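S.K.: Once you've had a glance at the structure underneath, I'll fire off some questions.
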Amino acid sequence: MARPKVEAGVKLRGAEKVARIPVKIIPTVDLPKKPDWIRVRIPVSPEVDRIKQLLRKHKLHSVCEEASCPNLGECFSGGTATFMIMGDICTRRCPFCDVGHGRPKALDADEPKSLAIAIADLRLKYVVITSVDRDDLRDGGAQHFADCIREIRLLSPGIQLETLVPDYRGRMDVALEITAAEPPDVFNHNLETVPRLYKAARPGSDYQWSLTLLQRFKQMVPHVPTKSGLMLGLGETDEEVIEVMKRMREHDIDMLTLGQYLQPSRNHLAVQRFVHPDTFAWFAEEGYKMGFKNVASGPLVRSSYHADEQAKIAKAML
């Protein structure tokens with residue numbers, strides 16, 4: 001296959017997206033059949049409908065909808081939502097992720113105010129702000145995160161804000177300096193998988209770099225809980241998961257999420273196993289023994305799953 005030409009603003013998906021990563025992705029013939037314990041209820045409620053209508057009104061897209069999150073109904077009904085800023089084109093090519101790759105367009109200077117107005121209109125209580133990777137920006141997008149936080153707090157003073165940030169590769173010092181000046185209520189960065197699988201699952205990322213990012217933020221802003229998460233089912237062993245959890249605690253990470261990886265398409269990394277709910281429960285027990293303030297562990301758990309409740313518990317224990 002000829003390498004696709006990457007033009008600004010054009011998203012590469014599927015086979016085109018993973019064409020240049022160091023590990024060849026062989027398309028699966030069929031997507032694996034999900035076990036009985038992975039069942040998603042269609043979210044239906046007046047509050048869910050209200051939030052969806054307002055999202056359309058403000059021309060916003062929540063990660064909850066874009067990723068077809070199984071917990072959308074629970075979160076929307078509870079006044080929680082996750083928004084992606086800085087566009088929908090990522091500079092990385094992670095083959096587990098369904099976000100398009102390419103050369104992003106310039107940042108929208110009006111986005112912080114527009115997002116703040118929309119969140120105030122939605123009457124949300126807890127908001128998670130995440131983003132694509134922006135390796136094209138000198139600060140990795142940290143200032144844009146800070147601008148969004150500031151504008152949202154101006155219009156919604158009582159709101160709780162969690163940021164799920166990229167790894168700020170090569171830009172950690174400047175990014176953390178900006179973040180510490182306008183810190184969120186929870187600082188989240190996902191390790192995603194065990195170090196042995198980084199080359200295949202997170203090309204361009206570094207396991208120790210991500211751990212250091214979380215630890216250094218905690219050292220700079222000790223009163224803000226730190227959080228990270230893993231997807232299970234990419235080929236890791238239970239022993240490797242436990243080892244990563246130990247390393248997280250050594251780097252002062254307060255909160256943990258563990259969920260099942262679900263293959264977005266035939267051109268993404270294949271699911272190697274479906275982890276049983278009992279195993280997820282065991283991981284949670286081990287996590288609390290290690291000293292995590294809160295552990296959300298289950299097949300349908302995602303990074304922002306019950307994020308408001310997690311944050312409340314973690315802050316009470318700091």
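Even glycines carry a Cβ here, placed using N, Cα and C.
Heads up, here are the entries from Swiss-Prot:
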BINDING   C64, C69, C75, S304  [4Fe-4S] cluster 1 binding site
DOMAIN    76-293  domain 'Radical SAM core'
BINDING   C90, C94, C97  [4Fe-4S] cluster 2 binding site
S.K.: Using C-alpha atoms, which one of the binding-site residues C90, C94, C97 comes nearest to S304 ([4Fe-4S] cluster 1 binding site)?
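M.R.: For S304 ([4Fe-4S] cluster 1 binding site), the closest Cα among C90, C94, C97 is found at C97.
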S.K.: Measure from the Cβ of S304 ([4Fe-4S] cluster 1 binding site) and count the other Cβ atoms within 10 Å, all protein chains considered.
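M.R.: Other Cβ atoms within 10 Å of S304 ([4Fe-4S] cluster 1 binding site): 28.
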S.K.: Excluding near sequence neighbours, so keeping only residues 6 or more apart in the same chain, what lies with its CB under 8 A of C97 ([4Fe-4S] cluster 2 binding site)?
M.R.: C90, P264, H268
S.K.: Other than its own, how many Cβ atoms are within 10 Å of the Cβ belonging to C90 ([4Fe-4S] cluster 2 binding site)?
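M.R.: Around the Cβ of C90 ([4Fe-4S] cluster 2 binding site), 24 other Cβ atoms lie within 10 Å.
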S.K.: Report the member of C75, C94 (the binding-site residues) whose C-beta atom has the most other C-beta atoms within 10 angstroms.
M.R.: C75
S.K.: Please report the three-state DSSP label of C90 ([4Fe-4S] cluster 2 binding site).
M.R.: strand
S.K.: Give the three-state DSSP assignment (helix, strand or coil) for C75 ([4Fe-4S] cluster 1 binding site).
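M.R.: Note: C75 ([4Fe-4S] cluster 1 binding site) is helical by DSSP.
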S.K.: Could you state the whole-number distance in Å separating the C-alpha atoms of C94 ([4Fe-4S] cluster 2 binding site) and C75 ([4Fe-4S] cluster 1 binding site)?
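M.R.: For C94 ([4Fe-4S] cluster 2 binding site) versus C75 ([4Fe-4S] cluster 1 binding site), the Cα atoms are 26 Å apart.
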